[in-house]
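As recorded in Swiss-Prot:
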type: ACT_SITE; residues: Cys125; note: active site, nucleophile
type: ACT_SITE; residues: Cys128; note: active site, nucleophile
type: DISULFID; residues: Cys125-Cys128; note: disulfide bond
type: DOMAIN; residues: 56-202; note: domain 'Thioredoxin'
Amino acid sequence: MAEALCSGSVASPCGEVGVGFAAGLVRGAAAAAALAESVPIGGYSSKSTFPSGRVALTERKARPLPRNLEAAHGQMNLTIGKAMRWWEKCLQPNMREIESAQDLADSLLNAGDKLVVVDFFSPGCGGCRALHPKIAQLAEKNPEVLFLQVNYEKHKSMCYSLHVHVLPFFRFYRGAQGRVSSFSCTNATIKKFKDALAKHGPDRCGLGPAKGLEESELMALAINRDLNFTYTPNQDLVPIADALLKEAAAPGGPWLPLPATATQLFIQGSENSLLSSGR
């Protein structure tokens with residue numbers, strides 16, 4: 001029997017030679033290989049490329065998203081980010097945000113005789129957010145006026161130096177006059193803003209270069225260590241009495257007479273009048 005099995009044939013009861021077990025095993029292996037080619041295994045597709053029934057597994061690659069879906073996803077993220085920055089909506093060509101104290105000072109000086117409105121706001125200020133669309137409309141109707149936005153959260157130290165403690169807050173500057181108006185208003189008091197715009201906005205001939213920030217404001221910004229702002233006071237604006245006191249107090253400097261007080265001048269004037277009258 002063992003020899004018959006090894007020879008691959010066995011006699012049937014009817015005298016016919018049956019199919020050998022070895023042949024059956026070969027057919028079974030071939031069927032298993034064919035089945036393996038058509039059945040995926042754990043995210044892999046099986047493909048037989050080797051002889052003797054060996055199976056090679058190739059990894060399935062994920063299909064890339066269509067370009068239109070990727071673009072839509074990016075636009076959605078961009079829209080969400082922009083929706084949170086309400087102060088950037090409805091901006092007009094004559095509206096821009098201030099980046100630093102130096103930027104504010106230079107912008108006012110370079111505006112010439114143009115009316116400049118400085119808008120102090122905060123992203124978390126509900127009144128500022130409600131008023132912003134109306135300010136943008138007024139900017140659109142008055143293209144000759146320059147609107148400068150100052151973000152209070154980004155420039156707290158600068159706002160402290162400029163004595164801005166309430167929001168929304170506005171300051172109007174015009175040419176050689178410098179600051180011509182300063183106030184706070186909301187939607188309920190928007191008429192105050194419109195009146196100031198009508199009063200200081202009409203075209204007129206300037207009598208000198210733009211003044212910009214006040215001298216005291218420039219000094220306050222210069223001594224603020226949190227700001228990268230430098231300013232040299234104009235020597236022409238230093239009072240004569242202060243200059244005399246500094247020179248007289250300087251060690252080794254020439255002695256200069258101090259200016260007379262108001263009382264001394266009054267007494268001297270009285271004596272002169274008495275002498276002239278002959279008393």
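Quick reminder: no glycine exception, Cβ is built from N, Cα and C everywhere.
Around Cys128 (active site, nucleophile), the same-chain residues at least 6 positions away in sequence with a Cβ under 8 Å from its Cβ are Trp87, Phe121, Ser122, Leu167, Pro168. Sequence-distant neighbours of Cys125 (active site, nucleophile) (same chain, six or more apart, CB under 8 Å from its CB) are Tyr152, Leu167, Pro168, listed in sequence order. Averaged across the domain 'Thioredoxin' (56-202), pLDDT for the predicted model comes to 88.
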